[in-house]
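**Student:** So TrEMBL lists the following for this protein:
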| type | residues | note |
| --- | --- | --- |
| DOMAIN | 26-226 | domain 'ABC-2 type transporter transmembrane' |
| TRANSMEM | 42-63 | transmembrane segment |
| TRANSMEM | 75-99 | transmembrane segment |
| TRANSMEM | 120-144 | transmembrane segment |
| TRANSMEM | 150-171 | transmembrane segment |
| TRANSMEM | 183-200 | transmembrane segment |
| TRANSMEM | 235-256 | transmembrane segment |
Amino acid sequence: MPEARPDGFAAALRDLRDGMALTELWLYLGWRDVRRHYSRSALGPFWLTLSMGVLIGSLGLLYSRIFGMDIHEYLPFLAVGFIMWNLISGVIGGACHVFTGASGYIRQIRLPLSVHMLKFVWNQLVVFLHNFAIYVVVAIGFGLRPGVGVLLAVPAITLIALNGLFVAMILGPLSARFRDVPMIVGNVVQVMFFMTPVIWHPEQLADRSWFVQLNPFYHFIEIARDPLLGDTVRAGNWIAVLAITAVLGVSATAFYGRFRTRIAYWA
């Protein structure tokens with residue numbers, strides 16, 4: 001790989017600034033991608049919502065019996081966890097294709113490369129907002145009363161999206177250079193689904209709580225799940241997420257700044 005450029009970090013920040021200045025463009029492109037993917041479909045992206053809703057309902061009925069839990073407690077827990085995991089896994093898996101999938105644009109149109117990353121994150125948020133309808137249905141059906149604390153879900157989702165951008169700044173160039181990276185990432189994400197308390201409760205590993213605390217995905221899910229379920233917000237989860245965000249943000253900017261100029265050749 002090439003030597004680091006002395007102004008790489010600053011160049012990365014300029015690229016991000018220039019991309020943010022083109023907000024209307026990447027908002028339009030992200031929304032257009034969603035519409036194009038489901039063109040001529042009666043339900044559009046709500047097909048994903050419907051299939052996820054059926055899956056959550058089926059797993060809720062099954063695992064509530066396996067774990068011996070009240071369905072009224074377990075299903076909302078599972079629904080929020082599944083919705084948040086779908087967003088997290090979507091930004092991680094999709095980040096691998098953010099530049100290779102836009103290779104035509106990159107080679108033909110002079111734009112800040114961050115436009116493609118911002119478009120991708122916005123695309124994932126649009127899909128998430130469709131899937132969020134499942135939470136609304138569950139909240140109404142099971143009488144959830146999260147209170148004003150539910151507003152904390154907004155900064156939580158924002159932090160997940162921001163970290164999705166940072167992940168794209170690392171995995172995007174890596175996957176463009178090494179085409180095996182998406183397969184490796186896909187397998188890791190699949191394993192982490194079962195290692196993260198999405199289906200099971202963290203309290204079920206009370207004697208191994210350190211195992212859960214060391215899982216970064218757990219903290220990202222919990223900062224959104226607690227306010228959406230009306231549970232007590234735990235400061236430890238927020239501290240962990242903010243620390244991860246700071247470290248990942250600096251590392252991703254430095255990495256992106258170093259290899260940004262090579263992406264057009266790799267994609």
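First residue shown is number 1, and so on along the chain.
Backbone N, Cα and C define each Cβ position, glycine as well.
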**Student:** So if I exclude everything within five residues of the ends of the transmembrane segment (183-200), which remaining residues of that chain have a CB under 8 angstroms from its CBs? That is, six or more out.
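**Tutor:** Beyond its ends, the transmembrane segment (183-200) has Cβ neighbours at 59, 63, 67, 78, 81-82, 85, 89, 92-93, 96, 171, 175, 212, 215, 217-218, 221.
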**Student:** Cβ under 8 Å to the transmembrane segment (150-171), counting only same-chain residues 6 or more beyond its ends: which ones?
**Tutor:** 12, 84, 87-88, 91-92, 95-96, 98, 117-118, 120-121, 124-125, 128, 181, 185, 220, 223-224, 226-228, 230, 233, 241-242, 244-245, 248-249, 251-253, 255-256
**Student:** What residues in the same chain, six or more past the boundaries of the transmembrane segment (235-256), come closer than 8 Å to it by Cβ-Cβ distance?
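**Tutor:** Result: 8-9, 12-13, 15-16, 156, 159, 162-163, 165-167, 169-170, 173, 213, 216, 218-220, 222-223, 226.
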